[in-house]
Amino acid sequence: MQYRDLRDFIRILEQRGELKRITAEVDPHLEMTEICDRTLRREGPALLFENPRGYSIPVLGNLFGTPGRVALGMGAESVESLREIGKLLAFLKEPEPPKGLRDAWSKLPIFKQVMNMGPKEVSSASCQEVIIEGDDVDLYQYPIQTCWPGDAGPLVTWPLVITRGPNKARQNLGIYRQQLIGRNKLIMRWLSHRGGALDYREWREAHPMEPFPVAVALGADPATILGAVTPVPDTLSEYAFAGLLRGNKTEVVRCIGSDLQAPASAEIVLEGVIHPGEMAPEGPFGDHTGYYNEVDRFPVFTVERITQRKKPIYHSTYTGRPPDEPAVLGVALNEVFVPILQKQFPEIVDFYLPPEGCSYRMAVVTMKKQYPGHAKRVMMGVWSFLRQFMYTKFVIVTDDDVNARDWKDVIWAITTRMDPARDTVMVENTPIDYLDFASPVSGLGSKMGLDATNKWPGETQREWGRTIQMDADVKARVDDLWSQLGID
């Protein structure tokens, strides 16, 4: 399904009973978080707060609060069908050479579709209906949430940050939270390996004394938002991927103050710069771990201009102990990851990121084991193949007779197929999320791999146990008898 913009998506959700308009006055300071959190935990609807206390701009919350709504936002009708998107990304990430002329012709439409999905620049856009510049810029006029009692202040939580490194044609889109510290000042909290931070670092090396242009889109269409959090190949822009999801090119408009291109249908666009050397302490804020993060210093984003629709909608969320919206996104995107991993490692049967593991900190992999030590190869592959799993602390690998998504099955495999000394892999001094206060050094910590597979000769000298299974004919006979037994 195609959505022209965020409002079109809101309309469809409302028709499906997946969006609730809240007319009662609700405070963006803490109250919205509590309401959204209770709603998400009940797998409830997206919420449009039409009367935020002290503000005239409505707030959209809990938009991606169920995996089903994430799938809808990506143009799919079910979470299961997201695997087709994963297969497309796997093909684009590592396209195999054609096996012959017929195979080449069969793949040509896919390549043509991708090549034709570059963004389309338009000369006028709804996101520039109203222009606010200079001293008129006042971010305090927007209903930016303060999510938790111990937060340092209001936090922009769904910003689509648009950057471009020096001499690069491709723009980067990423979601990096921003703390409000002044009428025109936000702290840009991006991790050092993320695309925006890499663009900024390259800019400083090439232009050390010049300000770095940045644009931030708030309330883009769902395909563009979700494209920014999907493992898109480096050769494919997030705008092009959003076009593939949508079935139409992403319309963009050139920013007034820079050459950056923002989504034309966005509700609000912040234009500005990061001045060389301007940093500020960020935090603490309640995070997706369920804890407040420690204070750290990040660049300051100076907003020089705001462009927006005449009556904009502010898109917001909160993060906290799972389940929260990032955890729900992780559940849905899990289905996208599976085909990408299977393309590189065909022996993988399933891959699961338990939402209780803060979206990415633990992974469970089931596989068709083929040789001794195979599980360890898969562990290393998970940690190294996709940058999304750079921070995954625990990888559990087991055989394909185990259901990766059933903890009873997984715990059974761990406790019956593992020797702790032999089957535990420890890797020290690896990149770790700086929010992980359990690591001994900020940004650097260890990883653990658990080989819960059946052991082959060479891995053990003992006779390995055989799993107990009832004969199929006995099970069939009991099925026929069951209604006569009076047990149910």
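Keep in mind that glycine also has a Cβ here, set from the backbone N, Cα and C atoms.
Noted in Swiss-Prot for the protein shown:
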- ASP287: active site, proton donor (ACT_SITE)
- ASN172, GLU238: Mn(2+) binding site (BINDING)
- ILE175, TYR176, ARG177, ARG189, TRP190, LEU191, ARG194, GLY195: prenylated FMN binding site (BINDING)
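Mapped onto this structure are the features recorded in Swiss-Prot.
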residue	record	Cβ contacts under 8 Å, 6 or more apart
ASN172	Mn(2+) binding site	ILE162, THR163, ARG164, GLY165, GLY195, GLY196, LEU198, ASP199, GLU238
ILE175	prenylated FMN binding site	TRP158, PRO159, LEU160, VAL161, ILE225, ALA228, VAL229
TYR176	prenylated FMN binding site	PRO159, VAL161, MET188, ARG189, TRP190, ARG194, GLY196
ARG177	prenylated FMN binding site	LEU155, VAL156, THR157, PRO159, ARG189, PHE285
LEU191	prenylated FMN binding site	ALA197, ASP433, TYR434
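Comment: prenylated FMN site residues ILE175, TYR176, ARG177, ARG189, TRP190, LEU191, ARG194, GLY195; largest CA to CA distance 14 Å, whole number. Counting neighbouring Cβ atoms within 10 Å of each of the binding-site residues (ARG189, ARG194), the lowest count belongs to ARG194.
Sequence-distant contacts (6 or more apart, same chain, Cβ under 8 Å) of the residue listed as 'active site, proton donor' comprise ASN293, THR319, GLY320, LEU435. Here the binding-site residues are TRP190, GLY195, GLU238, and the one ringed by the most other CB atoms within 10 angstroms is GLU238. Same-chain neighbours of the prenylated FMN site beyond ILE175, TYR176, ARG177, ARG189, TRP190, LEU191, ARG194, GLY195, judged by a C-beta within 8 angstroms of the site's C-beta center, are, in sequence order, VAL161, GLY174, MET188, GLY196, ALA197. In the three-state DSSP reading, GLU238 (Mn(2+) binding site) counts as helix.
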